[in-house]
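Report on the structure given below.
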Ligand code: GAL
């Protein structure tokens, strides 16, 4: 059964509204409600005094209505009494400011008092509800990620560092502490990175982020274990955040949850939202090893550039089915009913302030019907199979957010999204691989490696094996630069990939925003129609890249070839005439190097061509540009994201429409706009 529902906060409403809620949920075909995420102060109004009666009634009511429950532990938002009694458990910023109560997430995960209180409330919930017939899963906490730099955190950080580095000598070496006289002679001298006079040490900053991810994970595991012990049959999860905030290393966390559950809020109101939906879903599927669940998205809202954007009719449906097509076991939203007050009082909901007689609720009802029809085929269908993959690595992102980098506008997330977007626009189904966590790189035809800054020796060897065995690798600038502790790999960039790529980069030339650099095709003056690169050291390279030319922004480099063939040279700018894009034959495969910050169109043209050479096939040939096609098992999902009707295989998709086909015909009602 595909799950359909979302966050439900009955504690914000009088009981008569609960009855209406359940009736409306039934009308919409909602089959799961996430309950209790922020209900700590209602569940435990005073220390050790629990009030479960209301929750009993809510769970019973939902159960009678045939609606399952993802029951949350409320530990993301400690109640006022807790923070008053334990001011030491309030988080401290890098500036040394101890935050006050008044929002949510006011906790320090290293605080023993907080951990004890969290275990206590989670334990009581487990005791009372582990065998409730409505319980489908546990939802621990909410979007783990609170940062704290207090002294208790400092002590935990030191213990973590001792485990990671063993002795101080190793830490000093890994952190290059002889730079600026930072050599530590006692563990007690090490604190979390705090406001300091000038730039902090990048290795220190990065290790703290790793520590925080692990420390938060310990907090999760503690709760998970006691919930599991109460009833091992009930899966335990927590909701991972997708987007610009990378609080924890999800690829590592994924190993500890029973279900990878993801919150995703696109932040682009235009077609970028559809591309972000595909990106988020493909990444979540990677974390989940194939299966995952969309735990939250905005039913009728995209936050974009400081403004709320109401989704156009049909877009809720398209996005929701987009996640399902890409492997989600359902579509869930934040939230069921729009609140009357509180900080998120205008956040959208399936039942908005105006009530159920609204476009969003009507669309939800129709979507519920579609999901029900789809359930028998989609719920257990295997996830989309991809012939190409993109790398993802949270520590590389953290390192590229660190101090001392060569350009202030380096943006790892943007680079990975751009690579994925290029594949998406080329209609290639992509997966993600996580070389920082697992050296298994699969048997993809092509792997794209955008800005994989940190690469271990083991990961470098795995990439070598992958290419030697016939794989095609496309590596972009800022990859393979450092070891996992941020120490630079010497001898020329991109250190970890130099051998496979057959190049040596000796200088970086980051460019001011707005500067556009042109790349030649490797055969200046040759006929574009022939599309052949013939200058010495260059190889034949036919097709759109050669004839259209390429442009780059923000980043160029001085590249020397050391075995690689030059595919494209810089045509202007400080590197004019020097190699820009290269290809190296390595074993049975090829490794491409992209030294420039290619614009979207250029990267897309390049990846399209490399993928074709590598034998990676689009999901369907000849798709119109506005149409997205995804295969999940036997089902083919076709999405028309455009404003005009589009025809695919004699099926006409209305503007904004979705068609789902299986081997034995069209599944479910056609979904169109309005
Ligand atoms: C999510 C969060 C929810 C709510 C929502 C608003 O990230 O889990 O509690 O705050 O954002 O968009």
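Glycine too: its Cβ is placed from the backbone N, Cα and C atoms.
Note that the coordinates shown come from a computational prediction; the quantities given were computed from them, not determined experimentally.
Here TrEMBL flags 7-373 as domain 'Glycoside hydrolase family 42 N-terminal'. The substrate binding site annotation in TrEMBL covers 104, 142. The feature Zn(2+) binding site is assigned by TrEMBL to 108, 148, 150. Residues annotated as active site, proton donor in TrEMBL: 143. Taken from TrEMBL, the feature active site, nucleophile covers 296. What TrEMBL records for 386-615 is domain 'Beta-galactosidase trimerisation'. Per TrEMBL, the feature domain 'Beta-galactosidase C-terminal' maps to 627-660.
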Indicate the candidate from 143, 296 with the smallest number of other Cβ atoms within 10 Å of its Cβ, considering only these active-site residues.
143
For the residue listed as 'active site, nucleophile', which of the three DSSP-derived states applies: helix, strand, or coil?
strand
Taking DSSP states H, G and I as helix and E and B as strand, how many residues of the domain 'Beta-galactosidase C-terminal' (627-660) are helix, strand and coil?
0 helix, 21 strand, 13 coil
Taking ligand 1 as the reference, state which of the binding-site residues 104, 108, 148, 150 have a Cβ closer than 6 Å to one of its atoms.
none
Do any residues at least six apart in sequence from residue 148 (Zn(2+) binding site), in the same chain, have a Cβ closer than 8 Å to its Cβ, and if so which, in order?
91, 92, 107, 108, 109, 110
Counting every protein chain present, what is the number of Cβ atoms, excluding its own, within 10 Å of the Cβ of residue 104 (substrate binding site)?
18
Express the predicted model's confidence over the domain 'Glycoside hydrolase family 42 N-terminal' (7-373) as a mean pLDDT, rounded to an integer.
97
Quick note, residue 143 (active site, proton donor) and residue 296 (active site, nucleophile): C-alpha atoms separated, nearest Å, by 11
In all the protein chains shown, the tally of other Cβ atoms within 10 Å of the Cβ of residue 150 (Zn(2+) binding site) is 22
Note the Cβ centroid of 108, 148, 150, the recorded Zn(2+) site, then list each other residue of that chain whose Cβ lies within 8 Å of it, in sequence.
89, 90, 91, 92, 109, 110, 111, 149, 152, 153
Mind giving me a neighbour count for residue 142 (substrate binding site)? Other Cβ atoms within 10 Å of its Cβ, every protein chain shown.
25
DSSP, reduced to three states, assigns residue 142 (substrate binding site) to coil
For residue 108 (Zn(2+) binding site), just count the other CB atoms lying within 10 A of its CB, please.
26
Check the Cα-Cα distances from residue 150 (Zn(2+) binding site) to the recorded positions 104, 142, 296 and tell me which is shortest.
104
